[in-house]
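Participant: One structure follows; several queries about it will come next.
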Amino acid sequence: MTNQYEAVGLKAKEYEGIVEMLGREPNELELNLYGVMWSEHCSYKHSRSMFKHFPTSGPSVLQGPGENAGIVDIGDGLAIAMKIESHNHPSAIEPYQGAATGVGGIIRDIFAMGARPIALLNSLRFGELEGDARVKYLLEGVVEGIAGYGNCMGIPTVGGEVYFNQSYRGNPLVNAMCVGLIEHDAIHRGTASGVGNSIMYVGAATGRDGIGGASFASATLTEESEEKRAAVQVGDPFMEKLLLEACLELLKTGSIIGIQDLGAAGLVSACCETATRGEGGMEIDVLKVPRRETGMVPVEVMISESQERMLLIVERGREEEVNEIVKKWGLHSVIIGRVTNDDKLRIFEGDKVVGEIPAESLDSSGAPRYEPDYAPPADLAELQKLDIESIPEPRDLSSTLRKLLASPNIASKEWIYRQYDHMVRTNTVIKPGSDAAVLRIRGTKKGIALTTDCNSRYCYLDPREGSKIAVVEAARNIVCSGGKPIAITDGLNFGSPETPEGYWQFRESVLGLSEACREMDTPVISGNVSFYNQTEKGSIHPTPIVGMVGLIEDISKTCTMAFKEAGDIIVLLGQTKAEIGGSEYLASIHGQEKGKIPHLNLSLEKRLQKEVLALIQGDLVQSAHDLSEGGLAVGVAECAIAGGIGARVEVNTELRNDIVLFSESQSRFLMTIKPEHLETVQERLKQSNIPHEQLGTVIGNELQMQINGNVVVKESIGELEEIWRGALQCLMESMKID
């Protein structure tokens with residue numbers, strides 16, 4: 001028979017610790033509160049000990065990890081708030097609502113800081129798409145959910161990434177990122193301080209949806225998980241839009257001491273987090289909490305994850321001022337408690353105390369911490385072995401390029417992003433489909449560049465080096481758009497931390513991210529960890545997603561990947577080596593997921609990025625694109641397709657033809673230069689000791705690639721574009737979903 005504490009997800013030692021701390025056994029309500037608050041999703045009990053490795057401060061960081069979102073200065077008294085969070089398990093069970101409420105939750109985190117949300121991004125992972133109706137159902141539902149919520153909120157979804165791999169077959173990943181704009185003096189935090197100040201509840205009424213959501217997100221997905229649809233929240237974007245406007249207006253009045261959204265674990269989480277930050281306590285009465293269902297008991301009220309709700313700490317005597325503004329926006333507000341001078345979270349049901357717990361003991365800072373044993377997977381050494389000579393070289397490399405452009409991981413994601421409103425508010429300068437999205441900051445000359453990145457196949461084969469590559473690839477995308485990378489938010493998605501292999505993958509990824517962020521001067525200002533992304537058949541590939549923001553001082557100096565004019569000179573920065581381990585070429589063409597991933601030289605990477613950005617800002621670059629999945633051939637094709645113009649490329653090398661075309665060697669940029677600027681650019685690259693070579697010319701309507709004088713690729717740009725743009729839509733339409 002299962003013990004009561006096991007039923008709420010606690011271990012025997014954890015329960016014993018609770019009894020010792022309280023000096024008594026917890027009652028049913030208290031036990032349930034510990035169950036959700038000490039779940040992995042809320043407590044970070046297996047990951048928190050690794051956070052110390054992250055660089056989290058810097059001259060531009062105004063708020064690092066620990067609040068609802070991180071904030072970084074962009075000058076002119078303005079700042080950017082940003083955060084990424086996962087909603088993986090809910091999206092696996094109920095893809096539309098799972099994705100929609102993931103978007104809603106991250107938006108609330110941003111406006112809880114006092115920032116107006118200005119952009120959304122996402123990073124998605126699914127199983128192999130071809131011939132799998134279940135994967136198509138999940139993809140359709142997730143995309144519709146993201147679009148349905150973001151579009152209704154009037155916040156543009158400007159970028160993201162989508163990858164397909166069989167490791168995500170039963171456990172898709174849905175990571176949502178939100179970015180907000182805020183003035184320095186408007187920053188607010190989730191702190192409950194000032195004894196006697198009122199605790200006010202604002203927004204939607206509380207129901208039973210989402211009960212146990214935090215615990216559900218902290219468990220392995222099984223066949224029985226379908227029965228837990230009640231743990232998936234239901235969102236209302238129109239309610240959230242009203243809530244956003246009401247909260248931003250309230251924050252301008254000076255009446256709000258602290259503000260916190262009701263997200264994972266609902267009311268109990270918001271109460272204990274704000275009380276702990278304020279180093280005090282709190283009393284609340286569950287009978288005063290608005291409900292939309294009858295018969296709800298205190299524990300249901302406390303842990304419900306109903307959406308579109310906020311907790312406000314209001315200066316005593318100004319409650320009516322709050323009520324009037326909330327009412328103006330068609331919402332409901334009510335006083336449910338007050339700040340106290342002890343350290344307790346005291347829960348009343350009318351006059352009766354039904355729970356009394358030290359607030360800090362519920363908070364993640366008071367939860368147990370674990371540092372499990374770790375070891376690399378037993379088959380890792382074998383996985384990393386790859387004899388390139390055993391890989392047959394395709395006879396028709398044009399056909400190989402066409403196949404790669406049709407791969408769902410490389411093909412255009414237009415089928416997805418055309419469902420998103422990416423132009424609402426008319427600040428989007430560079431739209432989805434380029435290396436990074438770019439938004440103007442109205443009233444200034446500035447802009448920001450935004451991207452999300454992670455090659456999870458690299459992280460599967462080498463989590464530390466793969467995580468470094470995630471950081472620098474994000475930075476490359478920012479730089480290619482004309483921005484200087486300034487900060488990241490990380491979404492760390494892994495399997496179980498309770499296996500040596502799972503924790504080793506997580507630990508290695510954190511160390512890799514930390515090293516790269518330190519070298520690239522991009523502090524980690526916020527983030528999220530999602531463990532137990534696995535099914536009974538196995539774990540997902542390690543997926544540490546990097547969301548990055550870059551600053552563009554002069555919005556007129558942005559850059560895109562598109563080839564611009566016939567006669568422009570194509571220049572490759574960096575060196576191509578025999579590195580196809582973990583590549584899209586090896587996986588898509590040869591069906592192998594193995595090998596040593598490409599080597600990364602962080603020092604060279606930093607020098608390269610600095611020089612590329614300087615060249616773009618100096619108006620010496622026509623187009624810029626980083627080379628990643630698919631290598632040189634795919635990169636040139638993408639630039640040609642984007643510009644609607646062809647290219648002639650010539651390479652002299654001792655490498656095999658397929659390796660020249662499809663190697664994914666790191667620290668490479670493809671740029672086009674006007675002929676009159678070529679000498680200047682080459683001299684600057686030479687002075688900076690940047691390896692580079694002139695590859696060819698932008699010309700005509702064909703892509704022609706020669707290696708050692710032999711034409712190995714000759715394709716019509718129009719035909720390549722048709723393949724690239726149509727591949728994903730063709731796959732989605734090949735098996736209609738009822």
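Any Cβ shown, glycine's included, is placed from N, Cα and C.
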Participant: In Swiss-Prot, the substrate site includes SER86, HIS87, ASN88, HIS89, ARG108, GLN233, GLU305, SER306, GLN307. Which of SER509, SER514, SER526, SER530 does it also list there?
Facilitator: SER530
Participant: Of GLY9, GLY114, GLY447, GLY527, which one shares the ATP site with TYR44, LYS83, ASP490 in Swiss-Prot?
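Facilitator: Site partner of TYR44, LYS83, ASP490 for ATP, according to Swiss-Prot: GLY527.
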Participant: When a 10 Å sphere is centred on the Cβ of ASN88 (substrate binding site), how many other Cβ atoms does it contain?
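Facilitator: Neighbour count, Cβ to Cβ under the 10 Å cut-off: 24.
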Participant: What Cα-Cα separation, expressed in whole Å, is found between ASP261 (Mg(2+) 2 binding site) and ASN88 (substrate binding site)?
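Facilitator: Their Cα atoms are separated by 20 Å.
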Participant: Quick one: what's DSSP say for ASN528 (Mg(2+) 1 binding site), helix, strand or coil?
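Facilitator: In three-state terms, ASN528 (Mg(2+) 1 binding site) counts as strand.
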Participant: Between ASP490 (ATP binding site) and HIS41 (active site), how far is it from one CA atom to the other, in Å?
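Facilitator: Each residue's Cα considered, ASP490 (ATP binding site) and HIS41 (active site) end up 15 Å apart.
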Participant: May I have the list of same-chain residues other than TYR44, LYS83, ASP490, GLY527 whose Cβ is within 8 Å of the Cβ centroid of the recorded ATP site, in sequence order?
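Facilitator: Near the ATP site, beyond TYR44, LYS83, ASP490, GLY527, sit PRO65, ILE84, GLU85, THR489, GLY491, LEU492, VAL524, SER526, ASN528, VAL529.
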Participant: Sequence order is fine: just name those recorded positions in HIS41, TYR44, GLN307, GLY527 with a Cα within 10 angstroms of GLU85 (Mg(2+) 1 binding site).
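Facilitator: Within 10 Å of GLU85 (Mg(2+) 1 binding site): GLY527.
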Participant: Please find, for TYR44, LYS83, ASP490, GLY527 as listed binding ATP, the greatest distance between any two Cα atoms, in Å.
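Facilitator: If we measure all Cα pairs in TYR44, LYS83, ASP490, GLY527, the largest is 16 Å.
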Participant: Out of HIS41, LYS83, HIS87, which of the recorded positions has the smallest number of neighbouring Cβ atoms within 10 Å?
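Facilitator: Fewest other Cβ atoms within 10 Å, among the recorded positions HIS41, LYS83, HIS87, is found for HIS41.
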